[in-house]
Amino acid sequence: MSVVRTNGHLSCGDCGKSFKNCWGLGPHRCHEPEGSTTEDTKPVVCLEVGCHCSECGKILCSPQSLNIHMRIHTGEKPYVCKECGKRFAEGGSLRKHLLIHSGVRAFKCQECGKDFAHMKVLRGHMTTHSGKKPYSCSHCDRQFGYKSSLTIHLRSHTGEKPFHCTVCGKDFSIKRNLRLHLKIHNNEKGHQCGECGLKVIDIGALKTHMRSHTGERPYHCTVCSKKFIRLEHLKNHQRTHTAV
């Protein structure tokens, strides 16, 4: 028995009968040889006659899905966040993003009680409790809880810098670094230290700077217990223990 998928619709390849979904395929065995059992029945063969992407050959189930898929190739992002200006290729991605601005954090970690706006972020966070890091670097022994973290890390081996500044031509391996860099061109320094008046580009940089006033050193070495203000300082220090 064969099933033809045409623009998202399923139909029997023998008689043309249509189905709303794959659940109807099992009972529709009228073209099987008489007396055949479930064990004798060959698997259903689905012949894709959907919408083909002219760029990569991928088959999509409907013209609408093809239009959305094509944005991967064209870079089109028609959905814009009114809060921060970030753009998205799909409306669903924008809706998920808006949760960040709304403050809604519906996903709670049962281990520590921390709340998250997205289930994907919670799953990645859970690896900090389980110690499980399913994504391994093929170039070194580092492992990651998030696939996106591995993707970014791999660029340190390949040298890939896919994010390009159209103002000065500088390239970046991380999109966030490009956004921060563009603020330099726009002369944006929106966060000021209340202690010394220093102006910085983003809130993360301000939090790090404030540690110079508070004395906070959140990153500590598990070998010698030495503490550091910045994570990169800890990583550099840890190499002194592993160096031969």
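Glycine is no exception: its Cβ is also placed from the backbone N, Cα and C atoms.
Caution: TrEMBL annotation is automatic and unverified by curators.
Residue counts for the domain 'C2H2-type' (51-78) by DSSP state, with H, G and I taken as helix and E and B as strand, are 12 helix, 4 strand, 12 coil. Feature annotation from TrEMBL assigns domain 'C2H2-type' to 51-78 (among others).
Residues 68, 71-72, 115-118 of the same chain lie 6 or more positions beyond the ends of the domain 'C2H2-type' (79-106) yet place their CB under 8 Å from a CB of it. The domain 'C2H2-type' annotation in TrEMBL covers 79-106 (among others).
In the predicted model, the domain 'C2H2-type' (107-134) has a mean pLDDT of 83. Annotation comment: TrEMBL describes 107-134 (among others) as domain 'C2H2-type'.
For the domain 'C2H2-type' (135-162), the DSSP-based tally of helix, strand and coil residues reads 12 helix, 4 strand, 12 coil. Residues or ranges marked as domain 'C2H2-type' in TrEMBL: 135-162 (among others).
Marked as domain 'C2H2-type' by TrEMBL: 163-190 (among others).
Summarising the annotation, TrEMBL assigns domain 'C2H2-type' to 191-218 (among others). If one looks beyond the domain 'C2H2-type' (191-218) by at least 6 residues along the same chain, the residues whose Cβ comes under 8 Å of a Cβ in the stretch are 180, 183-184, 227-230.
What TrEMBL records for 219-244 (among others) is domain 'C2H2-type'.
Helix, strand and coil counts under DSSP for the domain 'C2H2-type' (107-134) come to 12 helix, 4 strand, 12 coil. DSSP labels the residues of the domain 'C2H2-type' (163-190) in these numbers: 11 helix, 4 strand, 13 coil. Remote same-chain residues near the domain 'C2H2-type' (107-134) are listed as 96, 99-100, 143-146, 149 (criterion: CB distance under 8 Å, separation of at least six residues from the stretch ends). For the domain 'C2H2-type' (163-190), the list of distant contacts is 152, 155-156, 199-202: same-chain residues at least six beyond its ends, Cβ to Cβ under 8 Å.
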